[in-house]
Amino acid sequence: MTTQTNETIAAIATAPGRGGVGIIRVSGPKALPIAQHILGITPKPRYAHYGDFCNANGDILDQGIALYFPNPHSFTGEDVLELQGHGGPVILDMLLDAVVQAGARLARPGEFSERAFLNDKLDLAQAEAIADLIEASSQQAAKQALNSLKGEFSNKIHELVEQLIHLRMYVESAIDFPEEEIDFLSDGIVEGKLNDVIDQTDAVLAQAQQGALLRDGMKVVIAGRPNAGKSSLLNALAEKDIAIVTNIAGTTRDVLREHIHIDGMPLHIIDTAGLRDSPDHVEQIGIERAWGEIESADRILLLIDTTDNSQLDVNVHWPEFTSNAAYAKKLTVIYNKIDESGFSTTNHTSDAPYQTLPLSAKTGAGLDTLKAHLKSVMGFQSTTEGGFSARRRHIHAIEQAQNYLLTGREQLQLHTAGELLAEDLRAAQNHLSEITGAFTPDDLLGKIFSSFCIGK
């Protein structure tokens, strides 16, 4: 997919603000002439030159180190120049302006990584891993992003694609040469190979889901009546006072958010307004927002005040959750304030699809059990070695591929339908290839790279 462009791009590659070092990155056919203008010399490839950085008038703007990498041995696959000077925003802006005056244009967000992808220096999953590594919120997330950058995720996808290609060869041979004595479609060979691919796809999907959880985190919404202890639970999970806690009902009127980690698993904890009928217009707005957060939650923690015996029957008082299958499957009922009530869930067992936990947000009793529960319901394993970062689009692509594989197996088992199986295998291969960019619409590429930092 190697591409050539006549445009040379430039950007500040270091983070905004002041720092000890600031870097200007340049990529394209004019990188060497720009280096000659700025440095006053012709730099040796892959050699650190220390000297003055000057503008077109010969004015010294800064002093620092210049590195020149001729194509194709560079990050982008093009001629690349890096100017490493002092990290002041004024200095960097002046130097960037001099680079632009010498023939470059300002880069779009993610354009350096996009050129690296187009020049086959890395695939799409690796390019996305660069952004994931920068944005990692924990050590484990950073390690898995680095694994993806090194190609571990891509290699697994390539292996699946290669197996699908060989499987398609078997199937299409049986279709094209039906007179042959060996019928690959009915002798079990194709079905056996297909089952192997399905099993391996399941394994990759499980790893991708773990990687996406580390990258994106789990959205946990705390819901319940006013004064059920929602804000106290937020503070307990965050281990600091985020929300105001009082005995006055309706203290929390808006959504409060806090980002925390449990053994490396990122969580977005959201405290919401107490759910009730209220004549107060402002409180009504907060309650509407609460339901909006509940709708998009990965997990709902419904708090029940155990000091009020009239509220203990969840099915009676919260049919909005228990009778709604979409809510019930992601619902955990928290019986709070057990330090005051002496409540025990052993007296309130049921066959409900949701889990119940006793807890005291005030004293912390049951908090460790809740944390372990959250890790369990999301399938998080804090001791997992290796692994790779993944995004929701990757999971969707693998799920789509798996659906086609399962449909193809059904066609094979019921009808020995070679043509239909071949089409399902082709579709599965295309979905998997979207992950690495081997088969990707241009509009998706634009969307992915536009979310990157400028200079990356």
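Cβ atoms are placed via backbone N, Cα and C, with glycine included.
So that you can see what the record holds, here are the features copied from Swiss-Prot:
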type: BINDING; residues: ARG25, GLU82, LYS121, LYS456; note: (6S)-5-formyl-5,6,7,8-tetrahydrofolate binding site
type: BINDING; residues: ASN227, THR246, ILE248, THR251; note: K(+) binding site
type: BINDING; residues: 227-232, 246-252, 271-274; note: GTP binding site
type: BINDING; residues: SER231, THR252; note: Mg(2+) binding site
type: DOMAIN; residues: 217-379; note: domain 'TrmE-type G'
Next on the checklist: Quiz question: given the binding-site residues ARG25, LYS121, LYS230, which has the greatest number of C-beta atoms lying within 10 angstroms of its own C-beta?
Outcome noted: LYS230
Checklist entry - Between LYS121 ((6S)-5-formyl-5,6,7,8-tetrahydrofolate binding site) and SER231 (Mg(2+) binding site), what C-alpha distance do you get in Å? => result 49
Checklist entry - Looking only at Cβ atoms, how many others are within 10 Å of the one on ASN227 (K(+) binding site)? => result 22
Item to check | Neighbour-count leader, CB within 10 A, binding-site residues: SER231, ALA273 | outcome: ALA273
Checklist entry - What's the CA-CA gap between GLU82 ((6S)-5-formyl-5,6,7,8-tetrahydrofolate binding site) and SER231 (Mg(2+) binding site) in angstrom, rounded? => result 49
Item to check | Cα separation, ARG25 ((6S)-5-formyl-5,6,7,8-tetrahydrofolate binding site) to ASN227 (K(+) binding site) (Å, whole number) | outcome: 55
Checklist entry - What Cα-Cα separation, expressed in whole Å, is found between ARG25 ((6S)-5-formyl-5,6,7,8-tetrahydrofolate binding site) and SER231 (Mg(2+) binding site)? => result 47
Checklist entry - If one measures from the C-alpha of ALA273 (GTP binding site) to the C-alpha of SER231 (Mg(2+) binding site), what distance in angstrom results, rounded to a whole number? => result 9
Checklist outcome for this item: ARG25 ((6S)-5-formyl-5,6,7,8-tetrahydrofolate binding site) falls, by DSSP collapsed to helix, strand or coil, into strand
